[in-house]
Amino acid sequence: MSLNENELTLSKKLEGSKKKKSAILLLLATIGPGLTVMLADTDAGSIITSAQSGARWGYSLLWLQFLLIPILYFVQELTTRIGITTGKGHGELIKEKFGAGWAWFSVLTLVVSAIGALVTEFSGIASVGLLFGIPKWISISLASISLILITGFGRYTIVERIAIFIGLFELSFIPAVILAHPDTSSIINGIIGQKPLSDESYRLLIAANVGAVIMPWMIFYQQGAVIDKKLTEKSIRFSRIDTAVGSVVTQIIMAVVLILTAATIGRINPNVSLTNIQQIADSLIPFVGQVGGKILFSAGILGASLIAAVVVSLATSWSLGEVMDFKRSLNSSWKEAPIFYGLYAAGIIISAIIVLSGVPLVTLTISVEIMNSLLLPIVLGFLLALGWKALPEKYKLKKWEKTILVIIYVLVCSLGILTLFQI
């Protein structure tokens, strides 16, 4: 081999190495919005649903948690594709394509859903506090102040990293399930074995799990986040990886919670009532001790509730900014974007006051479930409409993608409405 050939080979290797390094750096710079919104998806209400599934039906609903991964991915991938290629938020695009009236209708739908979601998250935070003897007003006040303060850095990336750090406390469910010593053969049998589809309560829990997999605020948040993070078309491939990883992580966490209650409560007392966090923790302690049932479980709930509160509040502020056209970015200071941050804080404070007012939390949780069942068809419908109308030619939906999204829409909405009629 000649000297020139050696130099050419070395040059190609160096070029390939640079491209690989550049791709890794771009991936690391892109990851965040998908993982954040998916960790928030596993919020306090979702964890209660998963815990009920395991306690009542053992491992026989475990298959569903993995089946929901592609559903989550396809919906949220469309959200990021629209956000990155248009550079516009969900509410802003609805305003542009369908008019201000429909935009306000969609955003007000989100506001109602967001307040309900925030109330659920604060209920989870209050329940964790009560497990450790901390009065509601103290735990909720501390959480509210912390949630407001973390937005004061004037940089999107800092807020995102803090949110992900908080959300990763959900992984504490994993050591808790190890303490439960689940039987592997029972898990496998639960996944591949016969399903009691003729039982109404089993079908209801299927509907509840599917109906809770996509929240209206998730769509608004992820589309707003990719814009605030300034992601470009070069990031689309890596944004898909971010969304896919998040979809897998959130459903693994849901599966872990289901296994935890199936291996403990479901094995001994499957008919126990599990309508709130405190009941679940109290029922787990005899099986996995104070460490698993109280400390690890509480850490997971707290992380889930706090990251969901951040995501829900930001989704609301971004969407209102999109229809009212005020400055809306975490890259701005409180002084530069007072309305944006003021609305973020207002949602947190109002929801905290509702929980502290003494309204029955179980009733509130059921009301939130009803609201989501009613509102999701509207929000998801607008997302699909934008997928049809707003995407540039290069990124338009293919026929098979449209087919899958329509099937997901019909499935999620119909099962959500089924849940509503069964409540």
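Just so it is clear, glycine is given a Cβ too, placed from its N, Cα and C backbone atoms.
Because TrEMBL annotations are produced automatically, they should be read as predictions rather than curated entries.
Listed in TrEMBL:
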type     : residues : note
TRANSMEM : 22-40    : transmembrane segment
TRANSMEM : 60-79    : transmembrane segment
TRANSMEM : 100-119  : transmembrane segment
TRANSMEM : 125-150  : transmembrane segment
TRANSMEM : 162-181  : transmembrane segment
TRANSMEM : 201-220  : transmembrane segment
TRANSMEM : 241-265  : transmembrane segment
TRANSMEM : 295-318  : transmembrane segment
TRANSMEM : 339-362  : transmembrane segment
TRANSMEM : 374-391  : transmembrane segment
TRANSMEM : 403-421  : transmembrane segment
Contact between the transmembrane segment (22-40) and the transmembrane segment (241-265) (3 or more Cβ pairs under 8 Å, separation 6+): yes
Stretch among 100-119, 125-150, 295-318, 339-362, 374-391 sharing the most Cβ pairs under 8 Å with the transmembrane segment (162-181): 295-318
Contact check, the transmembrane segment (339-362) vs the transmembrane segment (374-391), 3+ Cβ pairs under 8 Å, seq sep 6+: no
Contact yes or no, the transmembrane segment (60-79) and the transmembrane segment (125-150), 3+ Cβ pairs under 8 Å, gap 6+: no
The transmembrane segment (295-318) touching the transmembrane segment (125-150) per 3+ Cβ pairs under 8 Å rule: yes
Non-local residues, at least 6 beyond the ends, that sit with Cβ under 8 Å of the transmembrane segment (241-265): 27, 30-39, 41-42, 46-47, 50-55, 57-59, 61-62, 65-66, 68-70, 72-73, 76-77, 80, 170-171, 173-174, 176-177, 180-183, 187, 190, 209, 222, 272, 274, 280, 283-284, 287-288, 297, 300
Same-chain residue ranges lying at least 6 outside the transmembrane segment (295-318) that approach it to Cβ under 8 Å: 36-37, 39-44, 46-47, 89, 91, 110-111, 114, 117-118, 121-122, 124-125, 127-128, 131-132, 143, 146-147, 150, 159, 163-164, 166-173, 175-176, 179, 217-218, 220-221, 224-225, 228, 253, 257, 260, 277, 280-281, 284, 288, 328, 330, 340-341, 343-344, 347-348
